[in-house]
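Asks: Structure incoming, see below.
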Amino acid sequence: MELPWLSLTTFTLSLLIYFSSTTQAFKRCPNCGSTRVPYPLSTGLDCGDPGYRIRCDNYGSLWFDTLNGSTNPIKTIDPSGQRFVLRPPGFEQNKCVSVDIKYHGIQLDLNLPFNVSCSNTVIIMNCTKDGLDAYSSQGFNCSDNSLCHKFLNANLEARGNCRGVTSCCWYKTGASVNTYKVYRARPDMCSAYQSFMNLDLTIPVSKWGEPAVEILWEAPREPVCKSQGDCRDLLNSVCSNDSTNLGQKRCFCKKGFQWDSVNAVCEVNRCSKRKSCKRWSNLPLLGGLAGGVGAILIAGFITKTIVSKQNRRIAGNQSWASVRKLHRNLLSINSTGLDRIFTGKEIVKATDNFAKSNLLGFGGFGEVFKGNLDDGTTVAVKRAKLGNEKSIYQIVNEVQILCQVSHKNLVKLLGCCIELEMPVLVYEFVPNGTLFEHIYGGGGGGGGLYDHLPLRRRLMIAHQTAQGLDYLHSSSSPPIYHRDVKSSNILLDENLDVKVADFGLSRLGVSDVSHVTTCAQGTLGYLDPEYYLNFQLTDKSDVYSFGVVLFELLTCKKAIDFNREEEDVNLVVFVRKALKEGRLMDVIDPVIGIGATEKEIESMKALGVLAELCVKETRQCRPTMQVAAKEIENILHGI
């Protein structure tokens, strides 16, 4: 009876010994005090990677040395995120001057594998006129109502050291692999600065937390070696030539193992064989299906199966009556969110049988007509394109979305009709056309809106659009991602107030899940590059598109225009280059640029800075719609 038990024990111990040997870390440095020092960070020549040098002092504290003799204490280290947090310097006693001004602030050596993350919001204070002019032209927000003034008035340390100081700016740093400075402090420009990490601009200054600077490190490569003996601490590796650097050798993992840059080990490559990879990669999915997300996925699968069967019946030349039956079933689920189910007779009468004279617009989804109901109400009627299954499902999707929302800056769905050959939606009528039409001509009043639209109204349009999108992201459960934010989907009513429209491509998010994986759809020029490349739809995808709309409002230029120079076809690239070169005002729409007051110029620059943040290539570096709405509100208060 004991032999099987002994055999099992022996087998288990053998496995433990095997796996522990395959995951032995390579030269990790000893703890500094009570703080673990993960690979590749190095506190000595015989551990870690020497290129990732930090210091451990005699008191058990870690320090990060930067250029010009400056050094900052390390507060926390996140090895999985490959980042650590520094404590920035404070003020000199009773002066609005940073302690490290003689070192010119925190600047990194561009030859080392560190860079500043995009999580940092930097406030610079005590600026000269030259400093304000220079930084304002570089895209910093130096307006009278900017965030930095709230900090000066509410932060106890700043208020004590900078009493009477009114000149300041703020900006977001980082967001690229070549950002090597937090701020270059100079007495002839701005002599004090402070940094905060993951700052929520909507909360009071008193709740900002302690100052911090987040630094990223690049994933380390395999250790350098001269002979196989140098690889003895990295099991399952062999010293061989580095094909990317002639004359250099590295400890490369043997076949069947792969380099784990976080733990500095050669781990078993469980996906080296297709079957094995498939088996292991399914484990997280099976765990997820056990929860609420799994229920949603299962429901989606069932729905897709039903729809697929219906599509096959349609393909078999059966009548559209079966499609209408499917729609009727779907709509009955959401009927409590609709004001009314219209008859086919009512719709035909309201639109004069879809007369061309009532046609308001058309697109891939179908056509939109103006209609008049018997009670005198003017409505907009959207009809799916005949024979186009995709447009039908977009309309059904729009019903499912709009039945769940109600906001003054979102177009209101009044009802639907499923008696006609194609499904129809009925909306409130928004009489002043789209923002696109007004910017580029053909709008509600005939000529372009910009002949009489001042900067304040443009800011109000931006603010109301942001509020509508923020409602979708923050107040809906689950969140809703619009997926097609653009100037032609922003309607303007008789008071030029915003109604965000066209939810045919919108998607429901999943609570507590960072993104929805879906095929990239949207409009060229507005499409989030991360969404396009990775198929990960998030709230930040809408933020990117909104940033493009802000650029349109500022410049009166189209998102994509092949009449511009080849390198400037994309509006984001065009304006980003102007911001980087400090000449934003050169590309501002002359209608608001020429003759603008100093405060208006500051407001335009502040909006340009916000727009540039919204179109950051990395979604984590973009603000939320709530933060964007709050910042535009602050800009509005300044003019």
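A Cβ is built for glycine as well, from the same backbone N, Cα and C atoms used for every other residue.
Annotations per Swiss-Prot:
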ACT_SITE  ASP484  active site, proton acceptor
BINDING   LEU360, GLY361, PHE362, GLY363, GLY364, PHE365, GLY366, GLU367, VAL368, LYS382  ATP binding site
DOMAIN    354-639  domain 'Protein kinase'
CARBOHYD  ASN68  N-linked glycosylation site
CARBOHYD  ASN115  N-linked glycosylation site
CARBOHYD  ASN126  N-linked glycosylation site
CARBOHYD  ASN141  N-linked glycosylation site
CARBOHYD  ASN241  N-linked glycosylation site
SIGNAL    1-25  signal peptide
TOPO_DOM  26-282  topological domain 'Extracellular'
TOPO_DOM  304-639  topological domain 'Cytoplasmic'
TRANSMEM  283-303  transmembrane segment
Asks: Secondary structure at ASP484 (active site, proton acceptor) (DSSP, helix/strand/coil)?
Replies: coil
Asks: Please tell me which one of the recorded positions listed here (LEU360, VAL368, ASP484) sits closest to ASN241 (N-linked glycosylation site), measuring Cα to Cα?
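Replies: Comparing Cα positions, the candidate nearest ASN241 (N-linked glycosylation site) turns out to be ASP484.
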Asks: If you measure C-alpha to C-alpha, which of ASN68, ASN115, ASN126, LEU360, GLY366, ASP484 (recorded positions) come within 10 angstroms of ASN141 (N-linked glycosylation site)?
Replies: none
Asks: For the domain 'Protein kinase' (354-639), what's the mean pLDDT in this predicted model?
Replies: 82
Asks: By the DSSP assignment reduced to helix, strand and coil, which category contains PHE362 (ATP binding site)?
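Replies: Where PHE362 (ATP binding site) sits, the three-state DSSP reduction gives strand.
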Asks: Is it possible to get the count of other C-beta atoms within 10 angstroms of the C-beta of GLY366 (ATP binding site)?
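Replies: For GLY366 (ATP binding site), the 10 Å Cβ neighbour count is 21.
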Asks: Looking at the recorded positions ASN68, ASN115, ASP484, whose Cα is closest in space to that of GLY366 (ATP binding site)?
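Replies: Result for GLY366 (ATP binding site): the nearest of the recorded positions is ASP484.
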Asks: Looking only at C-alpha atoms, tell me how far LEU360 (ATP binding site) is from ASN115 (N-linked glycosylation site), rounded to the nearest Å.
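Replies: Pair distance, Cα basis, whole Å: 51 Å.
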Asks: Measuring Cα to Cα, how many angstrom lie between VAL368 (ATP binding site) and ASP484 (active site, proton acceptor)?
Replies: 17
Asks: Do me a favour and check the Cα-Cα span between ASN126 (N-linked glycosylation site) and ASN68 (N-linked glycosylation site); whole Å is fine.
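Replies: Per the Cα atoms, ASN126 (N-linked glycosylation site) and ASN68 (N-linked glycosylation site) stand 22 Å apart.
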Asks: Among ASN115, ASN141, LEU360, all listed as recorded positions, which has the most CB atoms within 10 Å of its CB?
Replies: ASN141
Asks: For each of ASN68, ASN126, ASN241, count the other CB atoms within 10 A of its CB; which of these glycosylation sites has the top count?
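Replies: The residue with the densest Cβ neighbourhood is ASN126.
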Asks: If you draw a 10 Å sphere on the Cβ of VAL368 (ATP binding site), how many other Cβ atoms land inside?
Replies: 20
